[in-house]
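Asker: Copying in the features that TrEMBL gives for the protein in this structure:
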- A:59-265: domain 'ABC transmembrane type-1' (DOMAIN)
- A:12-32: transmembrane segment (TRANSMEM)
- A:65-84: transmembrane segment (TRANSMEM)
- A:96-119: transmembrane segment (TRANSMEM)
- A:140-164: transmembrane segment (TRANSMEM)
- A:176-194: transmembrane segment (TRANSMEM)
- A:201-224: transmembrane segment (TRANSMEM)
- A:244-265: transmembrane segment (TRANSMEM)
Amino acid sequence: MFQNRAEALALALPAAVFAAIVFLAPVVILLAEGFRSADSWSLSAYTTFFSDPLNRTVFLRTFRLGLMVTVVSAVIGYAAAFAIVNLTPRSKGQMIGLVVLPLMISSVARTYAWIVILGRTGIVNQALQFVGLSDEPIRFLFTETAVFIGLLQLFLPLMILSLISALENMPKDAIPAARVLGANWFQVFFKVILPLTKEGLVIGGTLVFTGSLTAYITPAILGGSKVLMLETLLYQRVTVANDFVAASVIAFILIVMSFAANLLLKRLATARNKR
Amino acid sequence: MTPRVFSPLVLFLVIGFLIGPFFIIVAASLSGGETLAFPPQGFSLRWVAKVFTVESFQESFAISMLLAIGGTAAALVLGVPASYALSRYKLPFGETIRTIVSLPIIVPGIIVGLALLRYIVVPFGLNITLTLFLAHTALVLPYAVRVVSASLNNLRSDIEEAAVLLGSSRAGAFFRVVMPNIRSGILAAFILGFVTSFNQVPVSLFLSGPGVRTLPIDMLSYMEITYDPSVAALSALLAFMSIGIVFLAERFLGFSRYV
């Protein structure tokens, strides 16, 4: 450990000052704008925002979709992570590679693929008509289901990866021990595995939840103006209505939700270190 | 140790769900038909070829490359010394500095873009390309600090203390002892930063206008106008580029250790 404070600050300050000027200051000013009206501080922008039923719908939808994607990705994530952890080291590495792969592909490309799959003449509709389950193309695009599927594919890898590392850090004999003592698989999961992998679940959950809340491309492409989420609503408020106050309110809501999730994560992480 | 029913089927379905859409994009881009479709109608490379002739794609590709390489390099120039100070010195306000530098990862990109447009571009009349460059630098900075810090923490600090005791200057110890040891960490940070910057949309959304556009934004607006498979072809090409870069990095650097 070096002791020279001036030297340390000279090394660290350029980055901090840069981030403060280019990032922190403009964002703080933007957020403050939502609390100013007629030269005084007030919450009127927030009451106006939430008095519009459309805004309330969008807010609840964003929250609901975020939660649904998180819960479903946790369920699928556990199943996939189990399957991967039990493989031989070689195929485990390959499977992890396949899980990571989509993260390297632009989310525009990944989301765009769902148009080919879910569109009017997409694979799903062709298959449904071929087997005679439906006579006309069913509308999947621009529905909440499409946005949900797109978000799930986008963020599931993050959940699987954190659950894999949580499962690998679990004591190897915990599960056989519980089985020998007579626990069924249901009990094993809820009484042994879940408590021991809670932290990985929280990390994965935070990443998926904040990711889903703040995704722009997926709701923009798969939801369009029919299924607005907070991010697409913000964009629309600015570009269509020039309403910067509403934009500031939405920005504040998004930041609060994403900070709350991250704070929870930090809490849980430090709780483990103390133990 | 877990129920057998899980493994193969679940894994097949999950991987299929994650990777399948990518294969569909590739297949659709090799179609001979006029519109985006799967299964592809005939085989042809015409849409792949078309990507290279669309002028706006060429321009926005160049801008995205410039931003990704320049922004990541700038983030490293700022981030490497900061990481070093954070890991090796008793730094006053160390936690505050770390938080400020890592904030851009937590705050949604669209908000950053809007804030920069409103309070930097408009009042100061700052050039859009320059603003995009600053925004991408800020965006990559947290990744740079995180990855470089990880590799600094893996390196014993007594080796540079030994170099200093033996008469080297602090800077000399850094460049001759520390740098060669964290070189792969810096490269990993560069690659992660490049891919993040190149693929990111929301930060650039408000900062892109006619004339200056990043490639993903250009693709989005192209998709609004036409329904031909050229965006699929471009997506596939870009995906192969990212996968290739990451594959090489993993192969030569053991990249995943840092992420």
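Going from the start of the chain as shown, residues are counted 1 onward.
Every residue, even glycine, has its Cβ placed from backbone N, Cα and C.
Note that the structure is a prediction, hence the values are computed from the model and not measured.
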Asker: Where else in the chain does the transmembrane segment (A:12-32) make close Cβ contacts, counting only residues six or more beyond its ends and a cut-off under 8 Å?
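Answerer: The answer is 247-248, 251-252, 255.
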Asker: Quick one: find which recorded stretch in A:65-84, A:96-119, A:140-164, A:244-265 has the most Cβ pairs under 8 Å with the transmembrane segment (A:201-224).
Answerer: A:140-164
Asker: Sort out for me which stretch, of A:96-119, A:140-164, A:244-265, has the most Cβ pairs below 8 angstroms to the transmembrane segment (A:65-84).
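Answerer: The stretch with the most contacts is A:140-164.
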